[in-house]
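Marked as region 'Disordered' by TrEMBL: 1-22. The feature compositional bias 'Basic and acidic residues' is assigned by TrEMBL to 1-10. What TrEMBL lists as transmembrane segment is 34-54, 74-93, 105-123, 129-149, 161-179, 191-214, 331-352, 364-382, 389-411, 463-481. Per TrEMBL, domain 'Major facilitator superfamily (MFS) profile' is recorded for 38-485.
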Amino acid sequence: MADPIAEDKATSGQPKNTVIADFDPPQKPKRNKFAIACSILACMTSILLGYDIGVMSGANLFIQDDLKINDVQIQILTGTLNIYSLVGSGLAGRTSDWIGRRYTVVLSGAIFFVGAILMGVAPGYGFLMFGRFVAGIGVGYGLMISPVYTAEIAPTLSRGFLTSFPEVFVNIGILLGYVSNYAFSKLPAHLAWRFMLGIGALPAIILALGVLAMPESPRWLVMQGRLGDAKRVLDKTSASKEEAQLRLDDIKEAAGIAKELDDDVVPVAKKSHGEGVWKELIVHPTPAVRHILIAALGIHFFEQASGIDSVVLYSPRIFAKAGIKSYDHKLLATVGVGFVKTIAILVATFFLDRIGRRKLLLSSVAGMIFSLACLGVGLTIIDQHQEKVPWAIALCITMVLLNVAFFSIGLGPITWVYSSEIFPLKLRAQGVSMGVAVNRITSGVISMTFLSLYKAITIGGSFFLYAGIAALSWVFFYMLLPETRGRTLEDIEVLFGKYHRWKKANAMLKQTKQGDGDENKSQVN
């Protein structure tokens, strides 16, 4: 066999020059700006939920004064939107399989717009509850579709960054809600809460206009046999044509379409509109799908059961218990909470694809356990003293800020990133909608019981309880959640099914990939 170096010299007459650039490390792939823009537009639905969470923390003070309702009614009013959102998230999986991910985003914004208007003009408690029912359906649609669309359109190396956007926009919405509370707090009580709630219709209008620039999910297009349309979307959202082709081949394989079929429209055995999915997901799941379901439902449950909604929704009351009495000061302190929460989530987006989901998640939950326990200590000390205890007040404020920061840097965004990427293609929409349902039920229970809970076991005892739940979640995550960073959506399923022995599956997957790479190299040589 001829020596390639000798051949090179013979052909050119000169030895092959080696330049310094040949020794440079490979450049990191650039983030695709079009994919980022699409993700931002899709994730704007999450602003709607965030705004409602943030604005209700202050609006409920004015609603209680204006409508003369009690704490139980306030709890129900605050928490029922989460329960109502179950209707939206339950319908969203089938809807998005039927009409596509893109138009489901439009539907989400339109429903919330109607709900926000109804809440803003509500003459009484009953009408206000109806407005929250309509808005809740819109929120449920948005919570389910944002992470699914973003995960399906994002390139593998940017998926964690882009799929964390829904949680980023939830936090931006919360901050906007807090700012709205402070801005309208000077109005008379009967106007203040109506402006706070009604102004939430604005993001819904922007969303409806912006979505016109979004393409459909390439994975949904493949499931409908529309390969030509899918290829055009992948070309726009990938770093190169080669990457786009690789992604298309992976999606075709996952959808059961032969690799050699390259027509713009190909026949599929049965167009996927979600038929038979529930059977594969719940009735007769494979070991891998069962593990995926446990992981997805578990992370959604623990995200809310660790008490984040109690901290965010009732922060003015927590600050009041800590000794801050003025309306202005309480609402201004909540703006601080929203600001810290938003900064932390923005930091997290840049670490998800560098550090990985698992390390960030475990570190985040450990910080939450610490901050919740310290908050419980501070509030208990304040409860047991008649006079002000300045150091305990400072401890409580610091721990509230630390808790939302630790949540937002890990558990908050990773819940949505992780649950949207681990389900197989055919089961993804319904699987994510189940996770959203668990998330909203748990959130509803937490937000509708916090006032009653702290009256029963003291406010400090409530946070000790949340700290205990967070500790349980750390063990759950450590045992059952494998690392998914850098894996294609089509590869991830292999990591599941072995539960706490997932590292063995990870090693096998690496060996398989390495073997495929060596085989390709040998074929080229």
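Our numbering is plain: 1 for the first residue shown, then up by one each step along the chain.
Yeah, the Cβs are placed from backbone N, Cα and C, and that goes for glycine too.
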Report summary line: The answer for the transmembrane segment (331-352), taking Cβ pairs under 8 Å and residues 6+ beyond its ends, is 54, 57-58, 160-161, 164-165, 167-168, 171-172, 174-179, 181-182, 185, 311-312, 315-316, 319, 324, 360, 397, 400-401, 404-410, 412-414, 417, 485
Query raised in the report: For the transmembrane segment (74-93), which stretch among 129-149, 389-411, 463-481 has the most Cβ pairs under 8 A?
Result: 129-149
Report summary line: Under 8 Å Cβ-Cβ from the transmembrane segment (105-123), and at least six residues away from its ends along the same chain, one finds 41-42, 44-45, 48, 88, 92, 95, 99, 130-139, 141-142, 145-146, 149, 194-195, 197-201, 203-205, 207-208, 211, 214
Query raised in the report: Taking a Cβ cut-off under 8 Å, which residues six or more beyond the ends of the transmembrane segment (389-411) line up next to it in the same chain?
Result: 167, 171, 302-303, 306, 308, 311-312, 315, 318-319, 321-324, 333, 336-337, 340-345, 347-348, 351, 360-365, 367-368, 370-372, 374-375, 377-379, 381-382, 473
**Report entry** Dominant neighbour of the transmembrane segment (34-54) in 129-149, 161-179, 191-214, 364-382, 463-481, by Cβ pairs under 8 Å
**Finding:** 161-179
Query raised in the report: Near the transmembrane segment (191-214), which residues from the same chain, at least 6 beyond its ends, have a CB less than 8 A from one of its CBs?
Result: 37-38, 41-42, 44-45, 47-48, 51-52, 55, 58-60, 62-63, 66, 102, 105-106, 108-110, 112-113, 116-117, 119-122, 131, 135, 138, 173, 177, 180-181, 184-185
